[in-house]
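Look at Swiss-Prot and you will find LYS5 tagged as N6,N6,N6-trimethyllysine, backed by sequence analysis. Summarising the annotation, Swiss-Prot assigns active site, proton acceptor to LYS166, HIS285. Taken from Swiss-Prot, the feature N6-carboxylysine applies to LYS192, supported by sequence analysis. Here Swiss-Prot flags LYS192, ASP194, GLU195 as Mg(2+) binding site. The site 'Transition state stabilizer' annotation in Swiss-Prot covers LYS325.
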Amino acid sequence: SVGFKAGVKDYRLTYYTPDYETKDTDILAAFRVTPQPGVPAEEAGAAVAAESSTGTWTTVWTDGLTSLDRYKGRCYHIEAVVGEENQYIAYVAYPLDLFEEGSVTNMFTSIVGNVFGFKALRALRLEDLRIPPSYSKTFQGPPHGIQVERDKLNKYGRPLLGCTIKPKLGLSAKNYGRAVYECLRGGLDFTKDDENVNSQPFMRWRDRFLFCAEAIYKAQAETGEIKGHYLNATAGTCEEMIKRAVFARELGVPIVMHDYLTGGFTANTSLAHYCRDNGLLLHIHRAMHAVIDRQKNHGMHFRVLAKALRMSGGDHIHAGTVVGKLEGEREMTLGFVDLLRDDYIEKDRSRGIFFTQDWVSMPGVLPVASGGIHVWHMPALTEIFGDDSVLQFGGGTLGHPWGNAPGAVANRVALEACVQARNEGRDLAREGNEIIPEACNWSPELAAACE
């Protein structure tokens, strides 16, 4: 008689444990599970726990060489999703030992690496993760964080202003630098490389870095403010990426940029470590996020990618705009904006926050609002995002009838007007449509932008 019995067995016998008390050191996950017809919810939830931790489809004799109880993921709670048929939220607890310290890459390989192709599930979405302090403390996190960034830039009490240089592809390095200079001179704090500007035949990275640095220094000299341009260091290899970051540091510029999903978490964490060691700020673009987070029933919610970025490291990250979207979306967006900026975030299902998250003083990340916003949105953006944010107007700056610099002036005037109005106790949501026209009286550039 053999000591174990091979053969396919129900996952729920081992991995569904409704009595389990979660530990402070567990990583907790909330999955939205859509089982195939005929598969019970408990079995589907247990299957997720098994396939993303120790399980395989059958009993193997080597199971006897380890303590399964110590290492297995456990589905400890299942609830039906209100308003959806055959959708469940399955809560899974993973023991800390399953994960390599300081590796977002390993965390994702474990939790979402294999289980999403699982046959018994029609669809699967990771909605949220609770990262325990015992795990988050193994990460450096953002290179600098919000407070250090404000001190470096000497800019307080207002959101920061940015602009993506367009047309994003096709400009020569010199003309690109000229566009950067115009925007910074006009009053923006930052300009930005587009996410797909890396090092193409029409503009190699080194030439762009040089002309942008020249633009930054010229604009700083004229305005007396510290300026920056997000120099995109994303490259085909980690070595090349670091080489570009080193060159940016040698030029003395304040900030570089990375596409963290296309570049990958390993590359991103390497760059974040370099940035902290060398005093560079790190701007993160989320290119490719919609591939992962757009489907409501499959993939990962962006709040998970945002938490992962805070652990891997970045000082800014794009976070949608909220303006003009649906109400529910607004609450969800503000939920993960808080997860990026705050130290301690209470569980709040109405904002999509499934777990209380304690970051224990890991530096925060500035959310970047960008995409289709213009000066009329300024009061709403100032109110919704508050001071700790970067507001990015691409076409909203460069589309100004008089050119880039006046477009930048218009944005800066609108922002300062909104901040002043707010500080005087006015209600931006209600009076926004009066505040901007009032400011137009003092600024022909803003008046032209509003027409």
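Cβ coordinates are placed from backbone N, Cα and C, and glycine is handled just like the others.
Fair warning: this is a prediction, and the values are worked out from it, not measured in the lab.
Cβ-based neighbour count (10 Å, all protein chains) for HIS285 (active site, proton acceptor) stands at 28. DSSP assigns HIS285 (active site, proton acceptor) to a strand segment in the three-state reduction. Straight-line distance linking the Cα atoms of GLU195 (Mg(2+) binding site) and LYS166 (active site, proton acceptor), rounded to a whole number, equals 11 Å.
The Mg(2+) site, placed at the center of the C-beta atoms of LYS192, ASP194, GLU195, has further neighbours from the same chain whose C-beta lies within 8 angstroms: THR164, ILE165, LYS168, ASP193, ASN196, VAL197, TYR230, ASN232, MET257, HIS285. Counting every protein chain shown, the Cβ of GLU195 (Mg(2+) binding site) has 21 other Cβ atoms within 10 Å. Fewest Cβ neighbours within 10 Å among the recorded positions LYS166, LYS192: that distinction goes to LYS166. The separation of ASP194 (Mg(2+) binding site) from LYS166 (active site, proton acceptor), Cα to Cα, is 8 Å. Reported as a whole number, the C-alpha separation between ASP194 (Mg(2+) binding site) and HIS285 (active site, proton acceptor) equals 9 Å.
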